[in-house]
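Everything on this sheet refers to the single structure shown next.
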């Protein structure tokens, strides 16, 4: 009888990819995935630590799992093995056992390949096992190739860690220094997902455009080199990557938007603030003028490119003038979509120790103003698409039986009413008939 594995994933696309790999890793040991936590023999929370609220969600979920465990015990059933994985695990370590002593395993992002052994030890009644080692390439060398198809759009992790040490960010402490997978590993995985039906690949990394993987004859490939190499794969229609740092947007990568049709005209390029003073305090290693130059060069290479970004409001020391600089940058760039957050002090980062923290009510006010501007831009861009014909990759069923959903080259969701589910996995010309803030509606031509 097979055992059941339940994984709940928080945070970024990298965590989604890691969860897929953990699922593939445990399958040969008899663990089949389930979406029903109540029947699980192993429960894994793959956690995010980028903001305080995200970390507290982990502990709230662990509290709910404890109640589930107590119910199973009363019913005479065995308890599930509880695993906390991901960046909360890496950041908090033994503290997790202190706060939630019923957790069995704490494992960091670089040690997932040890999960079968750790789970086996718990089965043999060992408790409070922890593995937070940084082993860099060993993670990619020892995780299995894909077992379960990812679908029409697939994630492939090519780079991990970050050397930038932005003063608000925990990633260098939870994911370690930058390292890149070798080209052959990435290419083999890309061939595998395409042969399983993927038409689109999203390359992942904490700082993916810093990619510098070893290729044939020990040549070091940049991200632009890797994208050109992957673009040669037959039946692969679309390439994307995330997340990028402006300082690593080199000329070869920018020019590729004008020469490689498989590279989609959408780029998530976080800037975080429009104030030079705050950018310096954040240790972003560039100023707003540098960012504007990157944007201008991208638009010269690919005039229809659509941009996305991340913004943090209320970083320590941010004045009204600094915030106005952020609004000015937003209005000058004109984004298609964005993510924005209030600054959240993360333990162990330089920003958390500053004495000029911004009051919560001011952060909330600024976030509301910024989000109103960003939503207006997003709606304006979506509305500008009405009446146009766009190539849509249909990748999933909708909420209703006669509805399917796809993605434009610009990462917009498109809904159509069509009972022909054979369109899934295909790129089809769609006339856009309606726009809302978060999606488009269209008709098959």
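Positions of Cβ are set from backbone N, Cα and C atoms, glycine also.
Model, not experiment: these values are computed from the prediction.
Listed in Swiss-Prot:
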- 3-124: domain 'MTTase N-terminal' (DOMAIN)
- 12, 48, 87: [4Fe-4S] cluster 1 binding site (BINDING)
- 148-380: domain 'Radical SAM core' (DOMAIN)
- 162, 166, 169: [4Fe-4S] cluster 2 binding site (BINDING)
- 383-445: domain 'TRAM' (DOMAIN)
Per-state residue totals over the domain 'MTTase N-terminal' (3-124) - DSSP helix, strand, coil:
69 helix, 25 strand, 28 coil
Between residue 166 ([4Fe-4S] cluster 2 binding site) and residue 87 ([4Fe-4S] cluster 1 binding site), what is the CA-CA distance rounded to a whole number of Å?
17
Rounded inter-Cα distance in Å - residue 169 ([4Fe-4S] cluster 2 binding site), residue 12 ([4Fe-4S] cluster 1 binding site):
14
For residue 162 ([4Fe-4S] cluster 2 binding site), what residues in its own chain, 6 or more apart in sequence, show a Cβ-Cβ distance under 8 Å?
169, 171, 172, 175, 177, 178, 206, 207, 210, 245
Mean of pLDDT values spanning the domain 'Radical SAM core' (148-380):
96
Secondary-structure category, per DSSP, in which residue 169 ([4Fe-4S] cluster 2 binding site) falls:
coil
Under the DSSP assignment, what numbers of helix, strand and coil residues are found in the domain 'TRAM' (383-445)?
5 helix, 34 strand, 24 coil
Counting Cβ neighbours within 10 Å across all chains shown, tell me which of the binding-site residues 48, 87, 166 comes out on top.
87
